[in-house]
Amino acid sequence: MSSGCRSVGGSTWGHWRGDGGDLRQRRVLSPVCSAPAAGSWIGSQLGNVGNLLATPHPLGKPASSRVGTIVLACLLLFGSCVVRAVPTTPSPPTSTPTSMSTHSHGTVDPTLLPTETPDPLRLAVRESGILAEDGDFYTCPPPTGSTVVRIEPPRTCPKFDLGRNFTEGIAVIFKENIAPYKFRANVYYKDIVVTRVWKGYSHTSLSDRYNDRVPVSVEEIFGLIDSKGKCSSKAEYLRDNIMHHAYHDDEDEVELDLVPSKFATPGARAWQTTNDTTSYVGWMPWRHYTSTSVNCIVEEVEARSVYPYDSFALSTGDIVYASPFYGLRAAARIEHNSYAQERFRQVEGYRPRDLDSKLQAEEPVTKNFITTPHVTVSWNWTEKKVEACTLTKWKEVDELVRDEFRGSYRFTIRSISSTFISNTTQFKLESAPLTECVSKEAKEAIDSIYKKQYESTHVFSGDVEYYLARGGFLIAFRPMLSNELARLYLNELVRSNRTYDLKNLLNPNANNNNNTTRRRRSLLSVPEPQPTQDGVHREQILHRLHKRAVEATAGTDSSNVTAKQLELIKTTSSIEFAMLQFAYDHIQSHVNEMLSRIATAWCTLQNKERTLWNEMVKINPSAIVSATLDERVAARVLGDVIAITHCAKIEGNVYLQNSMRSMDSNTCYSRPPVTFTITKNANNRGSIEGQLGEENEIFTERKLIEPCALNQKRYFKFGKEYVYYENYTFVRKVPPTEIEVISTYVELNLTLLEDREFLPLEVYTRAELEDTGLLDYSEIQRRNQLHALRFYDIDSVVNVDNTAVIMQGIASFFKGLGKVGEAVGTLVLGAAGAVVSTVSGIASFLNNPFGGLAIGLLVIAGLVAAFFAYRYVMQIRSNPMKALYPITTKALKNKAKTSYGQNEEDDGSDFDEAKLEEAREMIKYMSMVSALEKQEKKAIKKNSGVGLIASNVSKLALRRRGPKYTRLQQNDTMEDEKMV
């Protein structure tokens, strides 16, 4: 660039070219040679240089750069000037796009200068600027009208409406009845026990046992059990096509009383003729003995039957393969029965007997009897439709809301947090089997709830309606209306002078649910024509068509009857789906209502704000349109439309100048001047001077000016931060955190969903599930154990009394001898009984504690006696004569002689030799007897026949041997002599 001066003869047009080519037509100020006038551009630049010297550079540049800046300014002021003539005709400008032109009408701005290379002062000014470190900057060309927009007119806002028809009422919910039909039944049978016992020499064992149950005949039930409270001891039963007979205790048939059983379960009663069974054992060993026990048993038990009621089970474990509703009446004959007709019997007007009180029933009943191969069962017959029902009441709902939505009914029950869905058509109770109880129970429950809660506030608006909900729940619903609403309906009728049915008016859905369809016309409705002479052909055709229609209808009806089957309603075991449906409907209703209201409010707010936008666009169209389009645009109002152009993002650097003062000392920029480059890595020749706009928008012109004011303070957004100017001079950067924020947003306050707890509900309780089967196995087990304890205790069965058997045998023996033998037998048995009683008394005494002490004393006494006996035996062995005949001793003889007056010296001459010989013979005989007894004992121990024979022979020899001694005299000679 030359250092000469160019005279300012006027303003010229041109383009300033940088390295990037043609950029934009803009104004360039030329330097002047003379001293700057007031407000001239050079004066402005000098003022900027002074401010630059007075204010420390924010980037911390060294002092050498400041000195260079001063030198450069002096050269500009005092350098030589070269004056050139400036052509009066401006040079033609470089062509630019129409949309980028400054003025759309094509006029030239006289303040713009031709393109030239920047002088050092301009470079210094740019270098002293503040670089934007972050943030996005945009440059917006002025709109020319090639693109125009308009504001949308107001919209029609939607109105909140659920679109449902709500009806309140009372309901009763029914479920499938899985519980069996229960009734009382009597079981009659005779328990036969045949025992076979082996009798050995010293033991008895049970070798076989036969047990069987045989039914009691119906005649015996009539004649003995229910008439006298007794039962026969005889049993007749058929086994293997052979009629067998059994008698209790193998005796003749007798009538035994039925006594209550001591063992009975809470749900059953029993009576029997005996509590024990005995076994007969004869007196002869090495034989088998057979005995029979017959026990007549009557049990009152619980019977159960489940759908389709073709059999029932007893708590004894027996199953009867016949329906409990089978009978001889017309309606009962179609029920199931697997037994022959002769095994079944039905008695009208029967009065059973209570075996405890021995009283007959006052009211007669219809009694059924079935004889099976093992038992006879009786029960009171009842009608099936009266007692059996396939549905049972589950819940009584005192507050239910029904709404119609998308062709279905939704029954909402807040008390159990459940929603049931059904069709809009009513359910016919006739299509399900055994549902006669539903209508009765539903009516009673609904009437009871109405009288307690709603009689004074509501009125019924229809009859009871039945709907089959999903999951197998039958809902009996009766709609209601409040008294106020019903009064409004009545007033409407009076006002309009109408005579409609009040029920149809209060419940408009009733007509839709009656399932009434228009009857289709057919040939059946046309009477059969009678032939006439005028229209014979036509009447013949009608006759044939009528006949075909009758045949087709008959065939269709018969097929429908055979194909029509009643379907049993199956109910799910859980209502979790209904609870989830209730939760979903509750959330859906709340959310939909909330969103609908938000949409309505939003639309209303937008319509109101549209008026504000329409007025604000006249003040600042660029800001309004940019906020509306959510995009940076430049806008200008063209009448009733708005012209817009899109802004381009600046990719290069943006420098902010320190001073906002212009060349005129009285005029300043209202927004900071900047220098920027369009592209990255552009040199100084590609820089453009502009002005900082709002929200980081860069103007390519510096038109925003104002009169300079004192104490001026401004904050401008530059990038992501703010810059602070005071007296039109840059002071510092201000972070956004130091500036307090004022929010212009309106908070949206929404109501949250209310909390709702799900209650655990059981459709079937545990007791109901346990009670669903035919057999109660716990009851069966208890009954079988108690039955075994009652009748089959092995301790009472094998209880053989040998004494009683012997006594019975002796009595039978004497009884066979006639009356004399029977009398003798009575005497003998009485004595034997006394002996047995004595022995039993002794045995009981020994079992007593005092008896043990007595036994101890007896043992001690026996030991003492044994000691004295042992001493006596030893004395006999040592001196048998002295021990056996102590009178033969010498002392006794001397004493006798002394008493008769004799001397001791005469002993030898006067001793009686005959008596001595007799004594010797007696001792010898006693020795032989002792030896004979020993021999006999040895023979008995050895059980040898030879020894026994020898012993008997010895006894005979001793008996036949004559005595060796003479009879003693009655009077002693010595006594006679003494007396003389």
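Note: Cβ is positioned from N, Cα and C throughout, glycine not excepted.
In Swiss-Prot, the annotation N-linked glycosylation site falls on N749, out of N749, N971. In Swiss-Prot, the motif 'Internalization motif' annotation falls on 965-968 of the listed ranges 257-260, 437-440, 773-776, 965-968. Per Swiss-Prot, the cysteine from C81, C140, C157, C231 that shares a disulfide bond with C603 is C157. Checking Swiss-Prot for region 'Hydrophobic membrane proximal region' across the ranges 319-339, 466-486, 634-654, 823-843 points to 823-843.
C708 (disulfide bond) sits 9 Å from N727 (N-linked glycosylation site), taking the C-alpha atoms as the reference points. The glycosylation sites N165, N275, N423, N727 differ in how many other CB atoms lie within 10 Å of their CB, and the one with the most is N727.
When other Cβ atoms within 10 Å of the Cβ of C647 (disulfide bond) are tallied across all protein chains shown, the result is 19. Counted within 10 Å of its Cβ, the other Cβ atoms near C437 (disulfide bond) come to 20, all protein chains included. Here the candidates are the recorded positions C296, C389, N749. The one whose C-alpha lies nearest to that of N380 (N-linked glycosylation site) is C389.
The two recorded residues, C231 (disulfide bond) and N727 (N-linked glycosylation site), have Cα atoms 133 Å apart. Annotation note: C668 (disulfide bond) sits in a strand segment as assigned by DSSP. With respect to Cβ neighbours within 10 Å, the disulfide-bonded residues C157, C296 differ, and C157 shows the lowest count. Of all the recorded positions listed here (C157, N165, N727, N749), N727 has the Cα closest to the Cα of C140 (disulfide bond).
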